[in-house]
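What TrEMBL records for this protein:
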type	residues	note
TRANSMEM	49-65	transmembrane segment
TRANSMEM	74-91	transmembrane segment
TRANSMEM	97-122	transmembrane segment
TRANSMEM	131-151	transmembrane segment
TRANSMEM	163-181	transmembrane segment
TRANSMEM	193-212	transmembrane segment
TRANSMEM	224-248	transmembrane segment
TRANSMEM	255-275	transmembrane segment
TRANSMEM	281-299	transmembrane segment
REGION	329-374	region 'Disordered'
COMPBIAS	351-365	compositional bias 'Polar residues'
Amino acid sequence: MVNFKQFWTKKTLVGLGLGQFLSLLITSTGFSSSELAKRGINAPTSQSFLNYVLLSVVYGSVMLYRRQALKAKWYYYVILGLVDVEANYLVVKAYQYTSITSVMLLDCWSIPSVMLLTYIFLKTKYRYRKIAGVIVCVAGLVMVVFSDVHAGDRSGGSNPRKGDLLVIAGATLYAISNVSEEFLVKNADRVELMSFLGLFGAIISAIQISIVERNELKSIHWTAGAAFPFLGFSLAMFLFYSFVPVLLKMSGSTMLNLSLLTSDMWAVVIRIFAYHEKVDWMYFLAFVAVAVGLIIYSGGDKDDDQSRADVADQGTERSKHFDEEAGFDNLSRGNTVGSSKMGDMSRHDCMTSSGGRETIENTSIGKDMQGKKS
């Protein structure tokens, strides 16, 4: 029998809620980009530039106030900034060549890429339950794709093959970026990560804008209608980047990518209530499938934590067992604590760390020492 109480832990609920908050932020960036596209503005790197500037200013100020030494090499952040900027650029650029349906489907490539990279470099072990959750989530997104095809919303694009390759390349870079952030946020510092990602991301974006998008920016007629989506996009991305490390540290990069699958479903909800559009019934079934998949995946966290706790408990019990043996041996024979016999190595370490007392003289002292160690 499946114990459903293990799904509703505090960690699971917080992870699911935070994941959907990030998904809504990504949905808002999609609508901002769509509004800019309607106005003929095509500058994906420029849209992300202000986000990187905000990250460097806000988190850089906190880092300067702390005056702490770097916990990771600075050139790691240079590489991460380059990967992150180009991942954003490639996926947005792909919309010019292929259909939105193809982008949605191929963007799922980031999920197996993340799982492979975390398995190789972070030594993450995935139980069958987590793999099943991933399969259910991806199946839900495939339903969305078929729903688009069924509804006749699919358009071929000017160069589908080129667009598909751009999506796959961008999804791979997203996977590398997410796994790198997960490693850095768990082994370095969140503020340090955000400040340097913002700094080098802004520098790389500025260089790329001067080369690729300079003429595009000159041709933009800046009005309130054009500036507002730019600012909205930057603010949503700033919040997204700020909370991503929290979810990465809590649940990992695979959970992040699975949570972002629901961004397309939230877009459908907005289309229904804000624009009063009709959508295919398969969207609702797909949303349920992705939600169930997320619960299945995140529900395994308790088992993983328990397995790690079991390993720690085994070590503790083993140490306690040696301590008890040491106490009883000393009571019966009055041997010194600093014995170097092969079978008493654990007892030697424990007694040396407790101050190097030479002899346990009586039963009451022996029991007291044993109580202190346990």
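Backbone N, Cα and C atoms are what each Cβ position is placed from, and that goes for glycine too.
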For the transmembrane segment (49-65), distant same-chain residues with Cβ under 8 A (at least six beyond the ends): 81, 85, 191-192, 194-195, 197-199, 201-202, 205-206, 209, 230-231, 233-235, 237-238, 241-242
Residues from the same chain, set at least six apart from the ends of the transmembrane segment (224-248), whose C-beta lies under 8 A from its own: 15, 18-19, 21-22, 25-26, 28-29, 32-33, 35-36, 39, 41, 46-48, 50-51, 54-55, 58, 178, 181-182, 185-186, 190, 193-194, 197-198, 255-256, 259
